[in-house]
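Chemist: If you scroll down you'll find the structure; I have some questions about it.
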């Protein structure tokens, strides 16, 4: 039986590739290497003998330019193999259902229901086959749908050498979900002059603008004393962490922002009487507003120390990625090529800012212009993740069209 983008996707989601935030290894979890090795073997089965797992678990492969296209700029295709630490990726049980509208029972035994009122975008796909979870894990469309789209293109090009194309570079990264996807990505070895990540959302979306992103760790230090002897001595860091949380502007939370609006998102609090850590994601498309949010947090920590000197508050901030837009503006043809590919397969590009980050953002900053192409998936990082089959098919079509167009691109100027 011939592999399709759907069959590939269903095979890839059977691999548990959840990454880990607190790991210092590369990749952050060894289990990601199992999918990496499987992809290499699959690429080799297509006749792409140079496929290999490089340093840090990055998969590299290339298809040489077809005859007459050797001078065309090399194009890259990139997706990430890991899934989010926010939900289990173990023993994923996808189910393909014809969506007829309304709510969907994902798991009758556990009474897990996909409610259309909570995810209204699903209604536009009524009458289509959609791949859902069984309600106990995430699906892994982020980003195994991107991997499947690229692998489908690679198989097609390898099987039809008569199709004109530039040198095609393929890269699959680990640890994108923990902001380490390009940590070990060797741009020189990859060898592309321009590239596309397949890591977007709904069908038709094309993304060239993302958040500036960073992570703040606020540590509240208390004083531990036996509770029976604690009067006027104990300083419970948990209570003071709660006071700090109340200081964060509610209007800057993710649930209160959209479009180009940035946010401050406390997504982890862990501690005890002696010390509590709060992790806060800092995001904004505008570089100045991003810096202002960092300044705001520093001011809140100072305020905490002034109001509650008995509990010592400390702040650490680590920048993760920048908005790729200024870097893509230097290579406008890369987006023009993508728009042409979309229209060639019957899609009008929907260009919106990414309310997140991608490997392509970091690569663009490092000199490899790399916008983000849709995969078709929705509701990433949770049990309600899903992907319409037709949308997944379209992602593979766009990958194929980009490969075909590459043979006619003489310059990126």
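Every residue, even glycine, has its Cβ placed from backbone N, Cα and C.
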Chemist: Suppose a student reads TrEMBL and sees 80, 142 listed for Zn(2+) 1. Which of 103, 118, 186, 199 should they find annotated at that same site?
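Modeler: As annotated by TrEMBL, 80, 142 share the Zn(2+) 1 site with 199, chosen from 103, 118, 186, 199.
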Chemist: Counting only other Cβ atoms and using a 10 Å cut-off, which of the binding-site residues 80, 381 scores lowest?
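Modeler: Candidates: the binding-site residues 80, 381. Fewest Cβ atoms within 10 Å: 381.
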Chemist: About how far apart, in whole Å, are the alpha carbons (Cα) of residue 176 (active site, proton acceptor) and residue 80 (Zn(2+) 1 binding site)?
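Modeler: With the alpha carbons as reference points, the distance is 6 Å.
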Chemist: Would you mind checking how many other C-beta atoms are within 10 angstroms of the C-beta on residue 199 (Zn(2+) 1 binding site)?
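Modeler: There are 29 of them.
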Chemist: I want the residues beyond 142, 177, 381 whose C-beta is within 8 angstroms of the mean position of the Zn(2+) 2 site's C-beta atoms, in chain order.
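Modeler: The surrounding set, listed in chain order, is 83, 84, 86, 138, 143, 380.
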Chemist: Test of understanding: give the count of other CB atoms lying within 10 angstroms of the CB of residue 82 (active site).
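Modeler: Result for residue 82 (active site): 30 neighbouring Cβ atoms inside 10 Å.
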Chemist: Determine, to the nearest whole angstrom, how far the Cα atom of residue 142 (Zn(2+) 1 binding site) is from the Cα atom of residue 82 (active site).
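Modeler: Cα of residue 142 (Zn(2+) 1 binding site) to Cα of residue 82 (active site) measures 8 Å after rounding.
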